[in-house]
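The following features are taken from TrEMBL:
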- 1-290: domain 'PTS EIIC type-3' (DOMAIN)
- 20-37: transmembrane segment (TRANSMEM)
- 58-78: transmembrane segment (TRANSMEM)
- 105-124: transmembrane segment (TRANSMEM)
- 165-185: transmembrane segment (TRANSMEM)
- 209-235: transmembrane segment (TRANSMEM)
- 242-266: transmembrane segment (TRANSMEM)
- 272-290: transmembrane segment (TRANSMEM)
Amino acid sequence: MAENGGITVIPVEWIGSKGLFVAMIGSLLWTELFCWLKRKKLVIKMPDGVPPAVQESFAALIPALLVMILVLGIRIVFENTHYNTIHQFIYEVVATPVRHYGTSYFGALMTVFSITILWSVGINSGSMINGIIRPLWMENQTDNIAAIQSGTTPPHIITEQFFDMIWMGGAGATLSLVIAMLIFARSKNMREVARLGAGASVFNINEPILFGLPVIMNPIILIPFNLVPLVLVTVQYAAMKIGAVAVTTGVFIPWTLPPVISGFIVTGHLSGSVMQLINLLIGAMLYLPFMRIVDKQYRAAEMATVTRTDTTLAKQE
């Protein structure tokens, strides 16, 4: 509760992004506690003739009551501190420091590296990592939207849309790799993979490339796969920091929105599209030397296969 003009009201600030951390952790803890109490048989036992539905209702009473008493006790404790609520306590002591690190430049580097390093061994890490850090991004996005509405400059560079601009073609920014393969690859295998995966890559779906080339468990391609996003984060962050590129406005977009279009929408400015084009070029240049190594290996294998086939046919004649 809070006082507002002499009237006691329920503060609504904690039902938004600021309260997400407590909401998620609390719901998990209280649910697990409730289930644990039921497993410990802290329930009201009913006679055998009572219908199962009624038995279940009474079985939930004591665990639910104990959970409510605990939650009420926590509330009373915090109401008698200067924090007033557990939300304020968590926000100041835990969430704010985590948010500052998680949405900093170094936090952004750790985020993209965590995603690509897990993808390197075949773990679909995007949803897993994003699910952990998305609440931090959402708070920054809320601040940016509020700033736009008030006519001021968005204060936060690191948002979910910042990464939407980075992941062109999917994890590892593999659209750059596809472009490099389409232009420079000589082996039939690599050209075919690029041709088949290009359409999906435009919509940031890169499984055909990750598993078809493959990128996963490929020690050569994995080097730029992990390096390129780090470079792009650095370049894009610096460009937004100095004001050369507009900061994202907080507008949500589908992750399948094609590059260049997505850059314009999330920044509301053509500089976002230009930034993505520059990112594509940088990524292609970094992927190219490693792609050529793999391409030569594929080319050599294809030539060896042709030679063996010709030799076999000659012997048969």
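A Cβ is built for glycine as well, from the same backbone N, Cα and C atoms used for every other residue.
Automated prediction, rather than curation, is the source of TrEMBL annotations.
Here the transmembrane segment (105-124) has long-range neighbours at 133, 158, 162-163, 166, 171-172, 210, 215-217, 222, 225-226, 229-230, 233-234, 237, meaning same-chain residues at least 6 beyond its ends whose C-beta is under 8 angstroms from one of its own. Scored on C-beta pairs under 8 angstroms, the neighbour of the transmembrane segment (209-235) with the top count among 20-37, 58-78, 165-185, 242-266, 272-290 is 165-185.
Averaged over the domain 'PTS EIIC type-3' (1-290), the predicted model has a pLDDT of 87.
Away from its own ends, the transmembrane segment (272-290) comes close to residues 165-166, 168, 173, 175-177, 179-180, 184, 220-221, 223-224, 227-228, 231-232, 235-236, 239, 245-246, 248, 259-266 of its chain (Cβ-Cβ under 8 Å, at least six residues beyond either end).
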